[in-house]
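Visitor: Copying in the features that Swiss-Prot gives for the protein in this structure:
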ACT_SITE  ASP127  active site
ACT_SITE  GLU191  active site, proton acceptor
BINDING   HIS125, ASP157, ASP218  Zn(2+) 2 binding site
BINDING   ASP157, GLU192, HIS465  Zn(2+) 1 binding site
CARBOHYD  ASN72  N-linked glycosylation site
CARBOHYD  ASN443  N-linked glycosylation site
SIGNAL    1-24  signal peptide
Amino acid sequence: MAELLASLPAWAAVLLLFFATVSGSTGPRSRENRGASRIPSQFSEEERVAIKEALKGAIQIPTVSFSHEESNTTALAEFGEYIRKAFPTVFHSSLVQHEVVAKYSHLFTIQGSDPSLQPYMLMAHIDVVPAPEEGWEVPPFSGLERNGFIYGRGALDNKNSVMAILHALELLLIRNYSPKRSFFIALGHDEEVSGEKGAQKISALLQARGVQLAFLVDEGSFILEGFIPNLEKPVAMISVTEKGALDLMLQVNMTPGHSSAPPKETSIGILSAAVSRLEQTPMPNMFGGGPLKKTMKLLANEFSFPINIVLRNLWLFHPIVSRIMERNPITNALVRTTTALTMFNAGIKVNVIPPLAQATINCRIHPSQTVHEVLELVKNTVADDRVQLHVLRSFEPLPISPSDDQAMGYQLLQETIRSVFPEVDIVVPGICIANTDTRHYANITNGMYRFNPLPLNPQDFSGVHGINEKVSVQNYQNQVKFIFEFIQNADTYKEPVPHLHEL
């Protein structure tokens, strides 16, 4: 048993270091939905060079979102002009309607020939987080290519998806492709600071037009390589849900005074005690209440003894595994709502008892809980009427999108993954513990999938929102190929025969 416990922590601690965790089924490989007439995803050398050069140019435009109130609007406007020049066929095709939404976001409507087919949507975001130059091997907005990699902020988050989607469409249109199924491309400009000015406005526009999507695909999970010890195979993970959020301000007001005659408790002391209680009293462990437990059982066959035995018998080892998951910050976030103190403000002068103390708490809500439940738990833990709670922002965890053999979006992603990446045998759904723009579209589809068709290893992952963000030229070209194939697969998709219980 000691050896078994020693093996598990290392495995569990890195189960998902990229903001997602797995759940679901691996399913058999199937290509029966493919049509006989397809445009092969074979690009000329000139086209392959153009693919990488277009991404380099996109990275060079610093479309930074600094805060909800501040973004580089000059760069956002420049980016709009850039994509017009980079993809002339897209912008001049009679099949494509382009609209600028909320000044800097973009909505493309690609008209299909069969109006009976429900449309879908491909998503990405134009904005990036700030990138101070310190520590970078190259300037963060240079888009330089070194040793087969393109460097720069947005190379993985999320200029790569913006450009890959548009480039795939450009290449299809150049080859006179006419889609059967209509689809949309939505490019938000403020995802890094909530998406309320971009994606939310696009969603409202589509809702006003009565659009209902079969599914959407946004950023999220990757094809993981080297993240899970003892598992040599790459694992493609498609996030089918994501955590909710609750931002709270805790505030204590007291009568100010001179520090020479202090009261028994100050506003700082009262608030500090409340915050300490929150840190020392974590939210309930929800392991078993979400898809993670099911996934571990599924992945059991991929591991050797003793891990496979544990994962096949969670009915017995549930308490051990759930406790192990708590030991690492990443895996802890997979099994519970997290509570993080992010700001603390108090004090005006060294000899003055402060009249006001404020702290800001960020909660990321597990899919098995609600905003109301978490708020009540916070109140019960603080347990002090002198501490006022103010909700600054909140939204519920997103519903879990279907991932069975009846789920069109999931099945199309799985089929395309296995076609473009034949080395990938394992495709599973997951939970995104970060937030994306998908939540703004929950009213127009129940199929929301988050997947970046790129292999990712721990070293490359460290560049996301960090230093030396980069993408392999070959991997990026394969991302374009993936979308090129995906659009065609969506046209040839055959609705599955309903299960007997659905008839």
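Quick reminder: no glycine exception, Cβ is built from N, Cα and C everywhere.
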Visitor: For ASN72 (N-linked glycosylation site), find which of the recorded positions HIS125, ASP127, GLU192 come within 10 Å, Cα to Cα.
Guide: ASP127
Visitor: Calculate the distance in Å between the alpha carbons (Cα) of ASP127 (active site) and ASP157 (Zn(2+) 2 binding site), and round it to a whole number.
Guide: 9
Visitor: Looking only at C-alpha atoms, tell me how far GLU192 (Zn(2+) 1 binding site) is from HIS125 (Zn(2+) 2 binding site), rounded to the nearest Å.
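Guide: Pair distance, Cα basis, whole Å: 8 Å.
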Visitor: Within 10 Å of its Cβ, which one of these glycosylation sites (ASN72, ASN443) has the largest number of other Cβ atoms?
Guide: ASN72
Visitor: Please list residues from the chain of HIS125 (Zn(2+) 2 binding site) whose Cβ is under 8 angstroms from its Cβ, counting only those at least six apart in sequence.
Guide: ASN158, SER161, VAL162, LEU187, GLY188, HIS189, ASP190, GLU191, GLU192, GLY195, GLY198, ALA199, GLU219, ASP437
Visitor: For the recorded Zn(2+) 2 site formed by HIS125, ASP157, ASP218, which further same-chain residues have Cβ atoms within 8 Å of the site's Cβ center?
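Guide: Here the nearby residues are MET123, ALA124, ASN158, SER161, GLY188, GLU191, GLU219, THR436, ASP437.
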Visitor: Compared by Cα position, which of the binding-site residues ASP157, ASP218, HIS465 is the closest one to ASN443 (N-linked glycosylation site)?
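Guide: Closest candidate to ASN443 (N-linked glycosylation site), judged by Cα separation, is ASP218.
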Visitor: Within 8 Å of the Cβ centre of ASP157, GLU192, HIS465, which other residues of the chain have their Cβ, at the recorded Zn(2+) 1 site?
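Guide: Other same-chain residues with Cβ inside the cutoff are VAL128, VAL129, ASN158, VAL464.
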Visitor: Given HIS465 (Zn(2+) 1 binding site) and ASP218 (Zn(2+) 2 binding site), what distance in Å do their CA atoms have, once rounded to a whole number?
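Guide: Rounded to the nearest whole number, the Cα-Cα distance is 18 Å.
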Visitor: Same chain only, sequence gap of 6 or more: which residues have a CB within under 8 Å of the CB of ASP157 (Zn(2+) 2 binding site)?
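Guide: ASP157 (Zn(2+) 2 binding site) has long-range Cβ partners VAL128, VAL129, GLU219, VAL464, HIS465, GLU469.
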Visitor: Reduced to three states, what secondary structure does DSSP give ASN443 (N-linked glycosylation site)?
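Guide: Its secondary structure by DSSP: coil.
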Visitor: Taking only same-chain residues 6+ apart in sequence, whose CB is under 8 Å from that of ASP218 (Zn(2+) 2 binding site), what do you get?
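Guide: In sequence order, MET123, ALA124, THR436, ASP437, THR438, MET448, TYR449, ARG450 meet the Cβ cut-off.
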Visitor: ASP127, GLU191, GLU192, HIS465: which of these recorded positions has the sparsest Cβ neighbourhood within 10 Å?
Guide: HIS465
Visitor: In which DSSP state, out of helix, strand and coil, do we find the residue listed as 'active site, proton acceptor'?
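Guide: For the residue listed as 'active site, proton acceptor' - judged by DSSP and reduced to three states - the answer is helix.
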